[in-house]
Amino acid sequence: MDKKRGAVRVQPQSTVAAPQSAARRGAEHHKVDLKGHSESWLRNHMDVCKGTLNKLFKTPMATIMTVAVLAIALTLPGFLITVLSNVQQLTQGWQGETRLSLYLETTLSDVEADRFSRTLLLRDDIAAVDFISRSQGMLEFKKYSGFGDALDALKDNPLPAMVVLLPRTKAVADLGLMRASFESMPEVEDAVLDLEWLQRLDAMLAVARRGVFVLGLLLGLAVLLVIGNTIKMAIESRRDEIVVSKLVGATDAWVRRPFLYTGFWYGLLGAVCAWLIIQIAWLMLKTPAQELAQLYRSQFQLTGLGVAGSFILLLVSVLLGWLGAWIAVRRHLRAIEPR
């Protein structure tokens with residue numbers, strides 16, 4: 001009896017799984033290499049950053065002299081900007097108290113003048129109206145002028161009625177237009193707005209702002225030159241070390257890195273010292289300024305740099321330090337090549 005032998009079919013192994021597994025292992029290996037490279041790059045930057053700071057501390061006199069020069073160069077524009085900010089704040093308070101005085105026609109009676117002043121209350125651009133009649137004006141003039149006897153000898157009151165207005169706007173141009181519109185009214189003989197001194201003050205502040213800007217540019221250039229010269233001397237003192245590093249294959253970025261961090265630290269330390277000087281000056285002037293404001297019954301308070309101003313000072317100083325170092329390294333590092 002014939003027995004059928006069972007045929008066993010062997011399935012061929014998949015040829016796709018192996019390449020996919022190899023690709024997965026390659027991707028994981030690439031991720032590990034990329035992560036390791038990033039960690040190594042970050043670790044190197046941290047080491048260089050700490051190392052440059054330690055080198056600055058090892059030469060305290062040279063570091064202190066350089067930082068002092070940078071601090072003085074940064075303090076002057078920062079302090080002047082703070083002063084201008086306080087003056088602008090003070091003038092805004094003065095403009096808020098600007099009043100428009102309307103001298104009415106002498107032909108108007110006190111009743112007609114009072115009726116005219118009440119109509120001005122309906123205007124949206126007027127915050128307050130103060131009416132001074134002819135008789136009230138005469139009494140105040142006698143009280144403060146010292147010519148009471150001479151005024152009593154007059155038969156008629158020569159003083160006109162007056163309306164004192166408190167405008168809502170604080171803009172100098174709008175106040176000038178308002179004065180012209182009131183002056184054209186038939187009830188008004190003259191409109192007086194004491195804005196000439198404010199206009200002169202605004203013009204002087206504009207000139208001062210431009211001067212501080214120019215001074216800031218010049219002192220910023222001085223900061224670049226100081227840091228550039230300091231980095232140049234540091235490069236020359238490490239010339240042999242740079243040549244050896246390039247001989248063993250160091251890249252320009254690797255050689256450049258410690259000098260850039262040196263410029264960063266100089267900028268940061270200079271900004272901190274400048275901020276301290278400005279804050280000390282602010283504390284010394286704060287109390288006398290408050291006492292002076294109280295004598296004039298003013299609510300003015302002297303303000304310092306603030307958070308925004310301090311951040312801008314720090315950022316500008318660090319950028320100048322880094323830029324000065326980068327310019328110096330870019331210029332002088334090319335001249336150092338191994339022979």
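Backbone N, Cα and C atoms are what each Cβ position is placed from, and that goes for glycine too.
Per TrEMBL, the features are:
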- 100-190: domain 'FtsX extracellular' (DOMAIN)
- 214-331: domain 'ABC3 transporter permease C-terminal' (DOMAIN)
- 1-29: region 'Disordered' (REGION)
- 62-84: transmembrane segment (TRANSMEM)
- 211-231: transmembrane segment (TRANSMEM)
- 264-285: transmembrane segment (TRANSMEM)
- 305-329: transmembrane segment (TRANSMEM)
- Query: Which stretch from 211-231, 264-285, 305-329 shares the most C-beta pairs under 8 Å with the transmembrane segment (62-84)?
  - Reply: 264-285
- Integer average pLDDT (0 to 100) for the domain 'FtsX extracellular' (100-190): 81
- Item | Tertiary contacts of the transmembrane segment (264-285), as residues 6+ beyond its ends and Cβ separation under 8 Å | 49, 52-53, 56, 63, 66-68, 70-75, 78-79, 82, 223, 227, 230, 302, 304-305, 310, 313-314, 316-322, 325
- Task: Helix, strand, coil: count each for the residues of the domain 'FtsX extracellular' (100-190), based on DSSP.
- Result: 40 helix, 21 strand, 30 coil
- Could you put numbers on the helix, strand and coil content of the domain 'ABC3 transporter permease C-terminal' (214-331), residue by residue per DSSP? 103 helix, 0 strand, 15 coil
